[in-house]
Amino acid sequence: MSELVQPQAVGLPAPSAERAAEGKGFAKPDTLYTAVPDADVGPAMANASDDALERHIRRKVDLRLCTIAGILCSLNLLDSGVLSSAAVTSMLPDLGLDQGNRFSVSIFIFTISSIVFQLPSTIAVRILGPRVWFAAITLAFGIITLCTGFVRSWQQLIVLRVLLGAAMAGIFPGLSYLISTWYPRREQQLRFAFMQSGEVVILATGSLVNYGLNRLDGRGGLQGWRWMFVVQGLCTCVIGIATYWWMVDFPENSHQSFRFLSSEEASIISRRIQTDRGDLVAQEFAIGKVLVHARDPKVWAFASLFFLQNIVSTALAYFVPIILENGLGYSSNAAIILSAPPYYYAVLPVLVSSWFADRFSIRAPVIVFNALCLITGFAVLGFASNSGARYFGVFLATGAYVGNWAALTAYQANNVVGYRVFTAAACTMFNGAGGIAGSFIVRNFEAPSYTTAVWVSIGYDRLPASIQSCPWLTAGSSHILMISVVAALSIHFYFANTSQRRKVGVLENTEGFRFTY
């Protein structure tokens with residue numbers, strides 16, 4: 001295990017007396033950060049200029065961090081995969097979930113719980129450390145999922161869904177925050193794409209596994225849908241235990257990671273981050289220092305993008321098998337199997353678009369392109385008469401929304417300095433709020449057209465029928481709004497960067513920092 005590398009040990013500026021008095025050299029919210037130029041600091045820094053060595057270290061971090069991040073994030077998606085697969089079996093009548101909106105309630109109550117616990121859970125990642133916290137909440141997630149296989153009523157399911165939301169609240173924002181601390185801004189979107197790729201591959205594979213588990217119906221006195229929860233719960237418990245050794249700590253504490261970086265490698269990573277944006281060492285935690293960032297309007301603009309995104313992604317993640325069965329006429333087993341290929345396909349657009357975005361240091365154009373693809377996919381799903389064409393719409397929409405997860409996460413992470421915990425938590429809380437809306441827009445009685453889901457995704461659902469007859473005239477809701485917000489932010493970033501180039505002001509309290517759009 002490597003030794004702790006303090007900033008001043010790797011050619012980074014030592015904290016001022018004022019900052020040291022503030023507590024362990026952590027910066028105040030109004031502290032002026034400085035991007036550090038290259039300096040002659042010995043053999044370690046000489047090696048940092050070697051591209052081959054940097055690529056080796058980057059691959060090492062990719063293999064260790066992005067793999068476990070993808071696996072842990074996939075557990076959240078696997079929950080939606082199991083619940084959606086179980087929804088086309090006997091689960092709904094067995095638990096009384098086929099009455100009224102009970103099934104939708106079971107989805108949104110999970111989201112409510114997740115929203116409540118997201119900020120404290122994300123803060124806990126920094127206070128307790130990623131290894132301890134992610135291992136603990138993953139183990140708790142596994143135990144709760146295992147218990148779900150033995151519930152006897154919809155009320156019991158609701159209670160477990162509340163606990164499940166609390167356990168999983170910190171996974172996505174915590175991992176997004178952790179990854180953003182390990183990579184310079186120009187490399188982040190592809191790493192978020194690696195995480196997303198792991199998620200969707202496991203989710204797609206989970207759909208195929210659920211098909212097999214459903215065929216165990218009656219074995220051991222358990223229905224097929226119960227086997228889905230039992231097996232996933234047991235696997236998650238094993239992953240939770242392994243996470244303690246697999247997960248890595250923050251760059252400045254990389255010595256606490258199990259068999260990871262050498263001292264020299266840790267120093268190179270630390271220097272790259274400090275040179276990129278000057279916030280290697282996090283602020284000392286205080287609730288006032290966290291909440292002060294709520295005054296930054298761009299944080300809420302980023303958060304609104306995640307709200308708009310998750311309206312659609314929740315509808316697809318939880319309801320694709322139901323859409324395939326009720327809307328396209330497939331059997332329950334076929335619906336489970338056919339829900340997997342769109343997620344395998346999604347790996348291609350998320351990796352290609354993210355590579356392109358990092359290669360040319362752009363974010364907004366990729367987000368807009370994915371949003372337009374999603375609008376097209378939902379239009380085909382909602383208005384085509386051929387089942388094959390509508391299934392193609394599912395492919396197009398799924399690839400677009402998965403691609404935009406990586407793009408939106410990089411967009412917000414690239415444009416904040418020093419308060420990543422709050423921004424990640426705020427974005428994920430709004431993301432959860434979008435999940436609440438998304439859990440109610442797919443209505444079984446609207447099959448096969450699913451009018452509400454289509455119009456909320458690409459347009460208004462309260463417009464006159466004469467206008468609704470043309471989807472492009474009414475494409476004014478979630479993803480049109482997303483494009484509008486991205487355009488407004490990007491215009492603001494352009495003029496802010498122009499002012500900074502003219503030496504008028506400092507962006508994000510960091511000398512030399514410029515926004516990425």
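Glycine is treated like the rest: Cβ placed from N, Cα and C.
According to TrEMBL, the features are:
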{"type": "DOMAIN", "residues": "65-502", "note": "domain 'Major facilitator superfamily (MFS) profile'"}
{"type": "TRANSMEM", "residues": "63-83", "note": "transmembrane segment"}
{"type": "TRANSMEM", "residues": "103-125", "note": "transmembrane segment"}
{"type": "TRANSMEM", "residues": "132-151", "note": "transmembrane segment"}
{"type": "TRANSMEM", "residues": "157-180", "note": "transmembrane segment"}
{"type": "TRANSMEM", "residues": "192-213", "note": "transmembrane segment"}
{"type": "TRANSMEM", "residues": "225-247", "note": "transmembrane segment"}
{"type": "TRANSMEM", "residues": "299-324", "note": "transmembrane segment"}
{"type": "TRANSMEM", "residues": "330-352", "note": "transmembrane segment"}
{"type": "TRANSMEM", "residues": "364-385", "note": "transmembrane segment"}
{"type": "TRANSMEM", "residues": "391-409", "note": "transmembrane segment"}
{"type": "TRANSMEM", "residues": "421-442", "note": "transmembrane segment"}
{"type": "TRANSMEM", "residues": "472-495", "note": "transmembrane segment"}
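Within the same chain, residues 106-107, 110, 134, 138, 141, 145, 164, 168, 171-172, 175, 178-179, 182, 191, 194-203, 206-207, 210, 228-229, 232, 236, 239, 243, 246-248, 257, 260, 314, 317-318, 339 sit at least 6 positions outside the transmembrane segment (63-83) and bring their C-beta atoms closer than 8 Å to a C-beta of that stretch. The recorded stretches the transmembrane segment (157-180) and the transmembrane segment (103-125) share 3+ CB pairs below 8 A when only pairs 6 or more apart in sequence are counted, and are therefore in contact.
Contact check: the transmembrane segment (330-352) against the transmembrane segment (132-151) gives fewer than three Cβ pairs closer than 8 Å, residues 6 or more apart, which falls short of the contact criterion.
Here the transmembrane segment (103-125) has Cβ contacts under 8 Å with residues 79, 83, 87, 92, 97, 133-134, 137, 154, 157-158, 161-166, 168-170, 173-174, 177-178, 285, 290, 314, 318, 421-422, 424-426, 428-429, 432-433, 435-436, 439-440 of the same chain, all six or more residues outside its ends. Taking every listed stretch (132-151, 192-213, 364-385, 391-409) in turn, the largest tally of C-beta pairs under 8 A with the transmembrane segment (225-247) is reached by 132-151. Most Cβ pairs within less than 8 Å of the transmembrane segment (364-385), among stretches 132-151, 192-213, 391-409, belong to 391-409. Computed over the domain 'Major facilitator superfamily (MFS) profile' (65-502), the whole-number mean pLDDT of the model equals 81.
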